[in-house]
Structure formats: structure tokens, C-alpha cells
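> According to Swiss-Prot:
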TRANSMEM  1-21  transmembrane segment
TRANSMEM  25-45  transmembrane segment
TRANSMEM  99-119  transmembrane segment
TRANSMEM  124-144  transmembrane segment
TRANSMEM  266-286  transmembrane segment
TRANSMEM  490-510  transmembrane segment
């Protein structure tokens, strides 16, 4: 009797989810998805109660999983997220978010109940199997056919800025996205080519000496002075302020919030945003990178650079090593490879940024067997981790932070965050001083990969930007004698690699990088922020349809 009460409750919950859909197309896809799940279990088990229980409970699981992702990542659940879920190398992340860990454990328990509940009820025999197979095939065919309907596609795409709130629309519609296909943009490549060729050449900026290039992806980093505090006593942070060696500094458009660092890595290394790939955006390190034909690292290698990635996470985490290999890196190292006292299989969540800079110095000094015979200029790409959450919720208000409508726990989290950024500032200034002391040409770049929430609160920021929660900062410093002059006041992360090459006095080595640098000039550093939508579409058409940078 209790089991049937639960069955009724879960079924009612599933019906409520369907009734509360926000779009007409969601009703269709929610009903067909429910029928698909029901038919699949009925086809296998021939037990109608088990099939109803499976589909109803799974609807609840999917809705809760969707809300869990929005809670932590402020992004909707898409089918490509399951690339990350099924890769066990990523599971350690849950240990650092106890709320998420308990939530996932609860969802797994519900999933087990969905699969095994009512497994001892009477079978309908071959008739049940046949009806289930018919429902399964028909519902799948309907979802597959209508997932490419222009009206359905437009409704779905329009819903994504609102957190993609209808998960039962997101999942069927994003299923086609798990199969890689070249992005298709309506535009005119020839128009872009004409604008690109009309630009003046920067041949005078080219350097005969190729400097070492160090780039730091600063985890979860936004200059805390950008928060709109009514009162604060945060010390000056020199890494964000103009210095004698600062050659470029601007706000930076990133394409993720509160996590998914690999999306920012992708934009920087590939030179195109993950958003170009639609539903595959969450899985670009798995499903898109192998198809790329160009990018920053391949251009640097063509210039003779030896390229090294240094990560505090394991080589398998988020498929990093495989992705870096495809990008063109010669070597990926972890701090453990350079003497850090921890097993090579351990993700270093608490390693300080100062220690990461120490190992960066060791790479530049070639203190690793794989580097001993390297006589090329070096590109070192390093990721920090200490700035990552979670943050202390009981810390004193050390920096006297005040902001209306922000709770005590959020203020505590912001204090913890700020002290980590202060330590990061010391680490960045330390590596910058070291690079100067070497008396060799260098270019040092650093950028924040995304913003974060503080006890689930998102503090308002200074500045008048579209999507202000997706803006960090990018800074380049150098001792190179160069004629480089900053032209952009705002930069998309996809253009950061080209800016670094320009500062270093390096020419583009392929047509993609030439186009990337040209578009940066033509659009004043903007992509999705550009007011010239036709120029943007012409550029994208040139990249994907003419140059075929992804195949």
C-alpha cells in the first residue's frame, strides 16, 4: 500500500511538472519524454506499475538535478552535461560542496528506486513488452523529428537566457547537440574578407626576439574593488592597476559563471567562444576540441615555441590532458611532477597561488627532465586554484565590507574571497618581478576565468556592462620594446590570444589567427557584445564555412 501511495505522489508530481511548463513546445516534449521513459521500462519489464514508477520518479530526478545545476552554476541542465557526470575523474569536485554531494546522493537513491521499484509485481507478458516497444519507438520518433522543427528550436533558444527553465524541453532539444556538427552561421565571408584586407598591416610591430610568454588563468577571480560596496577597506591590488610595464588592461567578457572553467580555457586557447557550439558548450573539452584545426598554441608552436601547461588538477580531470594535446601543448605538468608532496592522482584544491608561481619559475628554469634540452622560447600556461570556493561563512569582517541587502554569511564569504585575492596579488607581483630580474624578454598575461556567487548571493558590480556577471578582467605586462598600442577598451576572451601575440611582436601563422586579430580590431574587441551583428555573422561564417576551423 505504501509503495502505491508513493507511486501516486510521484505521478502527481510529474503531472504538475508537465502542467507548469512555460512553453507550448514543452508540453509536447514533456509528454513524449514521459511516454518514452514509460515505454522503455514497459518494453523491458512488461510491468506497468514499474514503468509508471520509473518514468515518474525519473521526471522528479531530472527536475531536481536541473535545479541543482542552476543553484550552483546558474546554467540549465543539458544533455551534454552527462559527459561530465559519467566521467568518474570529475567526481572529486563534489567533495568540496557538501550540499551538492548530499543532493547527488539523494538523487542517486531516487534513481535506484526508479529502476528497482515494483520489480516484483505481476508481468503483462508479451503484450506488455509489445505495447512498451510501440510507445518507445513512436515517442522517440516524434521527439527526434520535432527537435529540428524551426519553431521548436527558436522557442528553445529563446528560453536559454531565462535559465532554460523547462528541463523537459532542454533535454530532448539538446540531444542532437551531442553529435558534433560544424556551427552554421548566416553571413557573407567575402564581406568580412574585404574588411579584413582593408586593415593596415602591423608589420612594424613584429619582433626579431621571441619573448617567453607566461599566462595565468586566475580561478574565480574578479577584482574585489569592482563590487559595489557602500563601504570597504580593501587594500590596493597592484596587479589590477596600471603599472610601468602594463601594456594592456581591460574588462574581459567570459562565457561562464560560477564554474565550468574549461569554457574559459576553451575560449582562450581555441580563439572562439564555447557558445558557438550551442548545446555542446558544456562538453567542449570532450567533443569539440578534437575537431579544431587551429588556435593559440598551434600558432605559437609554428613560431618555434615550446608550450607547457601547468595545472593543479590531474591530467584526466575534465579531460584536460587529451584536450591540451589536441590544442597542441608539448607537455602538461602537475605540481607533483615538480616536487609537490602529494600523490599524482590528487587534485590540489588548496595549493596556494604562490606555490603555483614557484612551479612556473621551475618550468622556465627547465627543472624537469622533459625540459632539459629545450632551447626554444617558452609558452607557460598556468592555472591557479586557491581562489576557488567554497568560502568561509564565519569569517570576521576584516575588510569592513558593507553592501545593502547582503547577508552576514555572504559578507563573510566575500572577506575570505578578498583575502585570497590579496594573496594572489602578491603571487602575481612575485612572478612579474622574477621575470624582470631574468633580464630576458617576457610577456605576462593574466585573466579571471569567471565570477562566483557568495553564499548563493551575487553582489552588484560597478560599471555599465551587459551581463555584468560575465565580466572579469585581462591584464598584460611586458618588458619588450614594442610599438604595440592598446586599442580596445573591452575585450572578449576569444581575442586574448591574439592580443598576447601582438604584444610579443609575433605574426599570425595561419588564416584563422589573422581573422581573429582582424576581428578584434574591426569590432573593438567585442564578439557577442558587438552592435554590428552582420559583421559578427560574416566573421563566424568565414571561420566555420570558409576556413573550416572545426571539422
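Glycine is treated like the rest: Cβ placed from N, Cα and C.
What does the local environment look like for each feature on the list?
Listed as Cβ neighbours of the transmembrane segment (266-286) (distance under 8 Å, sequence separation of 6 or more from its ends, same chain) are residues 75, 78-81, 83-84, 87, 173-174, 176-178, 180, 183, 215, 217, 254-256, 260, 292, 294-297, 318-320, 322-323, 327, 381, 447, 492-498, 512-513, 516, 527-528, 540, 543-544, 549.
Within its own chain, the transmembrane segment (490-510) is flanked in space by residues 202-203, 205-207, 209-211, 213, 215, 247-248, 250-255, 264, 267-273, 294-296, 298-300, 302-303, 443, 445, 447, 465, 474, 476, 478, 480, 482, 484, 516-517, 519-520, 524-529, which lie at least six positions past its ends and keep a Cβ under 8 Å from the stretch.
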> Report, as numbers and ranges, every residue of the chain located at least six residues beyond the transmembrane segment (99-119) whose Cβ falls under 8 Å of a Cβ in that stretch; write 'none' if there are none.
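Distant Cβ neighbours of the transmembrane segment (99-119) are 3, 6-7, 45, 47, 49-50, 53-54, 57-58, 60-61, 64-65, 68, 72.
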